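> This is the structure I want to talk about, given as C-alpha cells.
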Amino acid sequence: MKGIPKRPISNYIEKTNETNLYKIRKGLVNEMNVEGHIYVNEKLKTLLDEEIATYELNKNSTFLPAVMQIANVSTLPGIVKASIALPDVHAGYGFSIGNVAAFDMDNEKAIVSPGGVGFDINCGVRLIRTNLFYEDIKPKQEELTQLLFNHIPVGVGSQGFILCNQENLDDALCLGMDWCVKEGYSWIEDKLNCEDNGRSLYADSNFVSIRAKKRGITQMGTLGAGNHYAEIQIVDQIYDKKSAKLMGIEKKNQVCIMIHSGSRGLGHQIATDALIDMEKSMNKYKINVIDKQLACTPIHSKEGQNYLKAMGSACNFAWINRSSMTFLARQAFSKIFNQSPDDLDMHVIYDVSHNIAKIEEHYIDGKIKKLLVHRKGSTRAFPPFHPLVPLDYQYCGQPILIGGTMGTYSYVLTGNEKAMQATFGSTCHGAGRALSRNKSRNTLSYLDVLNKLKEQNISIRVASPKLIMEEAPESYKNVCDVVQTCHDAGISNKCFRLKPVAVIKG
C-alpha cells in the first residue's frame, strides 16, 4: 500500500463556505490530480473522524478509511473536477461506497475501474405505488407479508421462477426490460419510468463469461441477501406536494412497495473477471495505481470496452430482476385484494441504479464534455427539463429513491440543477453502514431487534436469522441526517418520506 500520509489526515481536510461541503486538499496522498469533495454535516463527519482515528492508530492495517479512498481515486488518470463523497460514504473495495468520479472521454489515458462500480452492478431500487391506504392493508398485513415472502425468491442460494436457458439468458442480457415486456413480466409503461428505460445500450452478452452466465441463469428474478429487501411502505410525510402528485402520491398513509436488488452472482462474477483482466493489463498501458483495488484500464482500450459491454449486460440483468419481482408483487396484491394490479394502480414510480458507470455530458470549465461517470453507492439526480428525465417528471426533476433500513424511513427526492454543477448530477443512495457486519452480529441482540420492529408494528420475514442483526437500524447511519445533508447542500430536494410496515429479506 502506497501513499500513507506523513501528517495527520485531518490537516488536509478543510470546511468550505458552502453548506455541508468539506475539501480534501492535494497532498493527502501523492499525485492527486484533483481535490476530494465530501458532503457531510457535523454529525456525519464525526463518524468519518472516528474511522480516521482508528486507521491512524494502525497504519499498517489493510483497512483504509473512506477519506483515504476518496483521495486515492483522485490519483487515477483522466479524472476531472473532484473525487466526490456523499454523506452516506463508507469504506469499500478500492472506491468507497458513496463515491462519484468522472473521467474525460477525450483523454486517451482516462480510465474505467470496476471498483468504481462495485461487485453488485446496478444494485438499485424500484418504487411501485398503489391506490391502497394503510387502513386497507392493516387487517391483512401478516397475510400479505407472508404471501410476498412465499412469492419472491429470497436468500443466498435462491432460484428464480423464470425458467431460463442459455439462449433466453443471452437475449435478456442484451435487451433488459424490453425482454421483460416481450415475455409479459413488465408493462410497457414500466420501462418509461426507469433509468435508461431499463436497458443498457452498452450491453453485449458475448463479453459475459460462461462462469458468470452459469451463476446468473438460476438467479433471474431473485431478491438475494445482504441489504437487499422488498418492503411494503406507507407515505409518512409529503414535503413537495406538486412533485409528489406528479408521481401519483397525494395523501399520507398511501401504500407503496419498494424493491432493492441487483445483478446477483452474475454481476459479481463480471466484476471479478474484469478485475483479473485489468490487473494483467495495467503493465501494458503503463498504469500504476496507489492501491491494487483500483485496478483499471483506459476507457477506449480493448479491456475497457469489454468491461463496459459486460457491465451493461449485468445492468440489464438487474433491471430484469426488479421487473420480475414487480410482477410477483403485483400478483400477491391482486390475490389478497381480489383486484387486478391495474385496478390497484400498481404503477412504477421510478427505478434507479446505485452502482453503475455511464457516459454522460456535463459542463466542465464552461464546456460540454463527454464523461464516464462512476457512481458507486450514489444515485443519479438529474434536474427538471433534462432530456434523460421521463416525460412524467419533466417539471419536477428525476425521482431519486433512497432506501433506509428495515426499521426506519425511506425517501423520495428530486434532482436539481445544483447537482449538475456540483456532483455530476448525483446524490446519496441510502443510510450507509456505520457498523461492520461482524460488529453488528457481535453487539446486537436478535430478540431486541425483533422486539423493536414489533413495537413499531412492522411485520418481518427473513430467510437468514443473522441478517436481523446485520441489517438492524443500529448498523446504519441515520438516513434522515444523510438526506437532510444533501437537501441543505442543495444537491437534491426532499419530496416525500415513507416508513415500512412489512419487510422481506434474504
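Cβ from N, Cα, C; glycine included.
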> For the Mn(2+) 2 site that Swiss-Prot describes with CYS123, HIS354, which of these is also annotated: HIS260, HIS487?
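Looking at HIS260, HIS487, the one Swiss-Prot places in the Mn(2+) 2 site next to CYS123, HIS354 is HIS260.
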> Return the residue out of HIS228, HIS300, HIS347 that Swiss-Prot annotates for the same Mn(2+) 1 site as ASP120, CYS123.
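Swiss-Prot names HIS228 for this Mn(2+) 1 site.
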> I need the CA-to-CA distance for HIS354 (Mn(2+) 2 binding site) versus ASN227 (GMP binding site), whole Å please.
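Distance between the two Cα atoms comes out at 13 Å.
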> Centre the Cβ atoms of ASP120, CYS123, HIS228, go out 8 Å, and tell me which other residues of that chain have a Cβ in range of the Mn(2+) 1 site.
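What remains near the Cβ centre is GLY124, GLY224, GLY226, ASN227, HIS260, SER261, GLY262, SER263, ARG264, ALA318, HIS354, ASN355.
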> To the nearest whole angstrom, what is the C-alpha distance linking HIS228 (Mn(2+) 1 binding site) and HIS260 (Mn(2+) 2 binding site)?
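Cα to Cα, HIS228 (Mn(2+) 1 binding site) and HIS260 (Mn(2+) 2 binding site) are separated by 5 Å.
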> Work out the three-state DSSP category of ALA230 (GMP binding site).
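Strand, per DSSP.
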> Other than CYS123, HIS260, HIS354, which residues of the same chain sit close to Mn(2+) 2? List them in sequence order, counting a residue when its Cβ is within 8 Å of the Cβ centroid of the site.
ASP120, ASN122, GLY124, VAL125, ASN227, HIS228, SER261, GLY262, SER353, ASN355, GLY403, HIS429, GLY430
> How big is the gap, in Å, between the Cα of ASN227 (GMP binding site) and that of ASP120 (Mn(2+) 1 binding site), rounded to a whole number?
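So the Cα of ASP120 (Mn(2+) 1 binding site) lies 11 Å away from that of ASN227 (GMP binding site).
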> Can you name the residues of this chain that are 6 or more positions from ASP120 (Mn(2+) 1 binding site) yet have a C-beta less than 8 Å from its C-beta?
GLY262, SER263, ARG264, GLY267, HIS268, ASN355
> Out of the recorded positions ALA230, HIS260, THR405, HIS429, GLY432, give me the one sitting nearest to CYS123 (Mn(2+) 1 binding site) by CA distance.
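Minimum Cα distance from CYS123 (Mn(2+) 1 binding site) across ALA230, HIS260, THR405, HIS429, GLY432 lands on HIS260.
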